[in-house]
Structure formats: structure tokens, C-alpha cells
Amino acid sequence: MSPYALSMLMSSLAVGTIVTLSSHHWFLAWMGLEINTLAIIPLMTKMHHPRAAESATKYFLTQATASALILFSTTINAWMTGEWTIMNMTNPTPTVILTLALAIKLGIAPFHLWLPDVLQGLNMLTCLILSTWQKLAPMALMMLTSHQLNTNLLIAMALMSAIIGGWGGLNQTQMRKIMAYSSIAHLGWMILVISFAPSLALLNLLIYLVLTSSMFLMLMTLNSTNTNKLSISWLKTPTLAASMMITLMALGGLPPTSGFLPKWLILQEMTKQHLGALSALMAMSALLSLFFYIRLSYTISMTSPPNISNSSLTWRKKKNLTYVIPILIIMSATMMPITPTLLLLN
């Protein structure tokens with residue numbers, strides 16, 4: 001792809017998200033979402049492969065349906081209330097339609113089936129954009145309207161997402177599908193607490209962005225797209241393979257990594273809301289996700305392919321590691337000590 005076209009598309013992605021984040025009018029927010037969708041479609045199809053075309057088609061149809069539902073719900077709300085303000089969603093019918101539309105946009109269960117298939121047909125860089133940047137605008141809209149959304153519907157979708165995100169990743173061997181189910185599970189934790197403490201949902205989103213970005217950048221550096229390629233990563237770059245194990249543990253939510261912080265705070269908040277049974281179910285669903293993260297760590301560290309070479313390291317092209325990866329790895333492993341500061345900010 002031409003650098004000029006790529007810079008224009010990336011700028012359009014940024015503009016679409018900023019327009020949605022800074023808008024108070026529903027039509028302007030919808031327009032930002034549409035700019036986002038139209039900007040990423042050429043990035044998805046730049047590989048000129050049937051799988052990429054299939055993924056782009058699925059993504060476009062799904063996002064078009066969600067955008068139509070958002071416009072429909074906001075039009076009904078404007079018809080009932082007389083204004084297009086985002087913060088004024090008082091009627092239950094358009095509120096429920098809006099919740100379902102944003103769930104489709106984000107890939108929250110039971111509207112999650114498009115996400116693994118779409119990610120599987122894309123390259124790692126586009127998967128990174130789709131799993132991180134494209135979540136910002138819909139999640140911002142959900143946070144803005146969180147005090148008016150149906151809490152029972154959000155809790156049901158959150159529990160379903162956490163269970164399906166853990167269950168679906170158990171038998172996967174492709175890294176992109178594993179990261180898709182990981183995204184579904186993390187989104188379940190976010191929308192669980194969004195009605196009670198939006199600041200905790202924002203903290204969870206930020207930590208999710210750090211962990212997912214570091215994971216995708218490491219997979220891009222090691223050129224690992226499935227578990228078989230992941231098993232030879234130790235021979236390529238031992239330091240990066242060890243760092244990947246730490247990031248996987250953080251994604252699973254093991255202490256003392258950063259991934260444990262949002263889960264701990266969310267379970268604490270749910271217990272304060274007298275939702276003990278729900279907290280127990282969410283904690284048990286996290287064990288499902290933790291299982292396939294541990295399986296990946298086992299693949300990295302304790303399995304190796306047959307090697308007929310006398311050298312302990314495989315031949316590889318020298319890659320210049322960017323400074324972004326070490327920073328993200330450090331953030332994914334060492335945010336637990338600043339927990340008291342984060343609690344004071346909350």
C-alpha cells in the first residue's frame with residue numbers, strides 16, 4: 001500500500017475516534033463511528049487474499065448493522081424527548097436497542113461470532129488496530145450512557161462474554177483467534193462494572209490496551225501466528241519469549257502482574273453491591289481463560305521442535321526491536337505497586 005494512502009487511512013481512523021469522543025450530539029457520534037469503519041476496510045483488504053476479503057465483508061456487514069441500530073435508537077429517542085443529546089437516553093426502548101448495537105460493535109457475547117473469524121483473516125498489525133483502537137469509540141459511548149443503560153442486560157452479557165471468551169479459546173491453536181476470545185472475555189469484565197463504577201471500566205480498558213498491544217507486537221516480532229510457531233520462539237529470541245510469558249500471565253490476571261489489578265477491584269466493587277454469586281461466577285470464568293494462557297506459556301517454555309542443527313539458536317533475520325515493546329512489557333508487569341495511587345484517583 002502507498003505510504004500516502006496508509007497515512008490518510010490512519011489519519012481518518014484517528015479523526016473518526018476523536019470526533020466520537022468529543023461529540024455531545026448523537027448524529028456527530030454516529031458519523032465518527034462511520035468514518036472509523038470506512039477507514040479500516042481498506043487496511044483489512046490490503047493483503048489481496050480471499051480470507052482478507054471475507055473478513056472485510058463480515059466486518060462491514062456487522063458494523064453497518066450496528067450503526068443502523070444506533071441511528072434507529074437515537075432517532076426514536078430524539079422523537080420521544082425532542083433532543084439529540086448523548087446524555088439524555090431516558091426511554092427504555094431506545095436504550096435497550098442502543099445497548100445491543102454497541103455490543104455488536106464491540107463483539108460482546110452473544111454478538112461475538114464475527115470477531116474470531118474476522119481477526120483470523122487479517123495480518124497482525126490490522127488485528128492490533130481492530131482489537132485496541134477500534135474499541136475506544138464504542139466503549140466511550142457506553143461509558144457516557146452507562147448510568148442510563150439496562151443494568152440486568154449488561155450483567156447478563158458480561159457473564160456470557162466472560163464464560164464464552166474463556167470456553168472458546170480452549171481448543172484454539174491460532175494466535176489471532178486466541179486473542180479474539182481474550183478480547184471477548186476482557187470486554188465482559190468491562191461492561192460488568194460499567195454501570196456501578198465507570199472509572200473501573202476505564203482502568204480495565206487502559207490495562208487491556210497495554211496488554212493486548214504488547215502481546216500483538218511481540219507476536220509480530222517473533223512472526224508467530226499459531227502455537228507451533230510459538231514453540232520455536234525461545235530459539236529465536238529467548239528474552240522476548242520470557243517477556244511474552246509474563247504478558248500471558250498478566251492477561252490471565254495472575255498477581256502480581258497488572259492484569260490482576262482490574263479483576264481484583266471489579267470483584268471488590270461487585271461484592272460491595274451485594275452480588276457475591278455473580279462475583280464467584282466471574283472469578284471461575286477467569287480460570288477458563290487462565291488455562292489457555294498457561295497452555296501457551298507451556299508451549300513457549302517447555303516444548304521445542306526437533307532440531308538437527310548443532311547451534312542452540314536458530315538462524316534469523318536481525319530485527320530492530322522498537323522501544324515501544326519494552327515499555328509495554330514493563331507496564332504489563334509492574335502496575336500493581338501503584339495500586340494505592342490508582343485507588344486514591346478512583
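All residue numbers here begin at 1 and follow the chain in the order shown.
Backbone N, Cα and C define each Cβ position, glycine as well.
These features come from TrEMBL:
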DOMAIN    23-288  domain 'NADH:quinone oxidoreductase/Mrp antiporter transmembrane'
TRANSMEM  26-44  transmembrane segment
TRANSMEM  56-76  transmembrane segment
TRANSMEM  96-115  transmembrane segment
TRANSMEM  153-171  transmembrane segment
TRANSMEM  234-254  transmembrane segment
TRANSMEM  274-294  transmembrane segment
DOMAIN    290-342  domain 'NADH dehydrogenase subunit 2 C-terminal'
TRANSMEM  321-345  transmembrane segment
Message: At a C-beta cut-off of under 8 Å, are there same-chain residues at least 6 beyond the transmembrane segment (56-76) that contact it? List them, or none.
response: 26-27, 30, 33-34, 37, 40-41, 44-45, 84, 91, 93-95, 97-98, 100-102, 104-105, 114, 117-118, 121, 130
Task: Determine whether the transmembrane segment (153-171) and the transmembrane segment (26-44) share at least three Cβ pairs under 8 Å, counting only pairs 6 or more apart in sequence.
output: no
Query: Apart from its near flanks, which chain residues at least 6 from the ends of the transmembrane segment (274-294) lie with a Cβ under 8 angstroms of it?
result: 155, 158-159, 162-163, 165-167, 169-170, 172, 178, 181-182, 185, 188-189, 192, 248-249, 251-254, 263, 266-267
Message: Give the mean pLDDT for the domain 'NADH dehydrogenase subunit 2 C-terminal' (290-342) on the 0 to 100 scale.
response: 71
Task: Give residue numbers and ranges for long-range contacts of the transmembrane segment (26-44): same chain, 6 or more residues beyond its ends, CB-CB under 8 A.
output: 1, 5-6, 9-10, 12-13, 15-20, 52, 55-56, 59-60, 63-64, 67, 70-71, 74, 77-78, 84-86, 105, 118, 121-122, 126, 129-130, 134, 137-138, 141
